[in-house]
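Features from Swiss-Prot:
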| type | residues | note |
| --- | --- | --- |
| TRANSMEM | 22-42 | transmembrane segment |
| TRANSMEM | 64-84 | transmembrane segment |
| TRANSMEM | 106-126 | transmembrane segment |
| TRANSMEM | 150-170 | transmembrane segment |
| TRANSMEM | 190-210 | transmembrane segment |
| TRANSMEM | 228-248 | transmembrane segment |
| TRANSMEM | 284-304 | transmembrane segment |
| TRANSMEM | 306-326 | transmembrane segment |
| TRANSMEM | 355-375 | transmembrane segment |
| TRANSMEM | 386-406 | transmembrane segment |
Amino acid sequence: MMATSKRGTWATIRRIAASDRISGLIMLGFALAGLLLANLPFTAHAFEQLENFHIAIPHTNIDMGLGHWVQDGLLTVFFLTVGLELKQELTTGSLSNPKAAAVPMLCAVGGMLAPPVLFIGVISLFAAAGSGQLVIASGTSFSFAQMSNGWAVPTATDIAFSLAVLALFAKALPGSIRAFLMTLATVDDLLAIILIAVFFSSVNAWYWFLGIAVCAVVWYFLVRMRKVPWLAVAIVGVLAWVMMFEAGVHPTLAGVLVGLLTPAHERFGEKTPRAERYADKLQPFSALLALPIFALFATGVHFESLTLALFVSPVVVAVMVALVVGKPLGIMTTAWLSTHVGGLKMAKGLRVRDMFPAACACGIGFTVSFLIASLAYQDAELSAEARFGVLVGSMVAAVISGILLSRQSKRFELEDGTKHKHHTGDEDAMNEVETVLEDGTVVVSQIIGTHQEQ
């Protein structure tokens, strides 16, 4: 009885985690809770102590506060899930046929190129107005070079939140729009991972990379055994994480590495590929544990005063403009150029303009944008305001895309209803009934609507 109850509870948890709408709202709730806990007078001190509570691993250089453990450690679960899903998509999913996925793949690139341009442009305008110095809401001034280090903050799309908005407001949209967004966001994740590895990792001693390579090879063979030795797999995964950290590469990328090395084809008569199966099992931990707790600490930054001055801070405005305007601008421009100039084709039944509401949803940054804001700025105040910009910009993008998707969904619903009505009318017009009379005469009757003519 107890085992049945546990299975039922776990099945419920998995259903909640699988719902883009519910998991997205949970993460948003934790993000807002972090902002409140860090700024309410009676919780701010306790929250700060919790965030800075240090935990060290003996015989290593790893000694971090709880907030950094969440960012560098717990978030690895999310990146492992991303790695497994990427492997599945690259092998048998939407990215396995580059020709079919060409437009959304190119749109992902365009969506990552436009936001940094707008970010630097906005920062330049503020710098020109302030004689080269940029003053943030706290009153601290920074140079253009210092603030422009955050160019990568608005480049990433949060796939969970963007799909949650789609699930909430776009019930009648064709599946091709969701598939387009899924493909675009998957490539966006891959590009964000490369961006973190290249620009936000400081390479240390080479021998750590040798250790990472050994871990990768061992993982590759362990997960291909008929009976996977899970204890050994866990040890190898942890060692890969430690070596990534010691090598100066962001340790969450260990999750992506081992995820991509997991088989995505059925083996030994299995019904589903291991990459898909492992991703399904990890999804509840990623969606309901790793991401909400990360959001709690990522937005849990203390501001001396939450005033309107925050909304006109150069870095906040730059991040907001880059996410809300830059993302859809880059995606739509690339979609138009690739179809009208490059000769590529959209999915059947889709036009470029149909993608605009979904492109606006790609301006929802959150997870990876929060992470990049923490990595790009060494100054705590600047990093905090950048993350505030991500939070506000993402919420604005969510509202805009939600309104547009709702209107688009109603339009598609009306069009589908009209087509169905016309189709039914045509079928009625074509309905013919043959009646044989007693003398052998055949009378053809045609049914139109509810009237029968002979």
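The count begins at 1 with the first shown residue.
For all residues, glycine too, the Cβ spot is worked out from N, Cα and C.
Give me the local environment of each listed feature.
Through the fold, the transmembrane segment (64-84) approaches residues 50-56, 189, 193, 237, 241, 245, 250-260, 262, 275-276, 278-279, 282-283, 285-286, 289-291, 293-294, 297-298, 300, 367, 371, 374 of its own chain, all at least 6 residues removed from its boundaries and within a Cβ separation under 8 Å.
Tertiary proximity for the transmembrane segment (284-304) is limited to same-chain residues at least six positions away from its ends with a CB under 8 Å from its CB atoms, namely 13-14, 16-17, 23, 26-35, 37-39, 44, 47-48, 51, 66-67, 70-71, 74-75, 77-78, 80-81, 137-138, 160, 310, 366-367, 370-371, 374, 380, 383-384, 387-388, 391.
Distant neighbours of the transmembrane segment (355-375): 27, 31, 71, 75, 78, 107, 111, 150, 152-158, 160-162, 165-166, 170, 177, 180-181, 184-185, 188-189, 192, 195-196, 200, 250, 252, 291, 294-295, 298-299, 319, 323-328, 331-332, 335, 346, 383, 386-387, 390-391, 393-394, 396-398, 400-401, 404-405, 407-408; these residues of the same chain sit at least 6 beyond its ends, with a Cβ under 8 Å from one of its Cβ atoms.
Nonlocal intrachain contacts for the transmembrane segment (386-406), taken as residues 6+ away from its ends with a CB within less than 8 angstroms of a stretch CB, comprise 31, 35, 150, 153-154, 158, 161-162, 165-166, 168-170, 173, 298-299, 301, 303, 310-311, 313, 315-324, 327, 356-358, 360-366, 369-370, 373-374, 376-377.
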State the non-local partners of the transmembrane segment (190-210) in its own chain: residues 6+ outside its ends, Cβ under 8 Å from one of its Cβ atoms.
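Here the qualifying positions are 79, 82, 86, 108-109, 112, 152, 155-156, 243-244, 246-250, 253, 256, 368, 371-372, 375-376.
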Between 22-42, 150-170, 228-248, 306-326, who has the most Cβ pairs under 8 Å to the transmembrane segment (106-126)?
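When the Cβ pairs under 8 Å are tallied, 306-326 comes out ahead.
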What residues elsewhere in the chain lie close to the transmembrane segment (306-326), defined as a C-beta under 8 angstroms and at least 6 residues from its ends?
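Hits for the transmembrane segment (306-326): 39, 114-119, 122-123, 126-127, 134-137, 147, 150, 153-154, 360, 363-365, 369, 382, 385-386, 388-390, 392-394, 396-397, 400.
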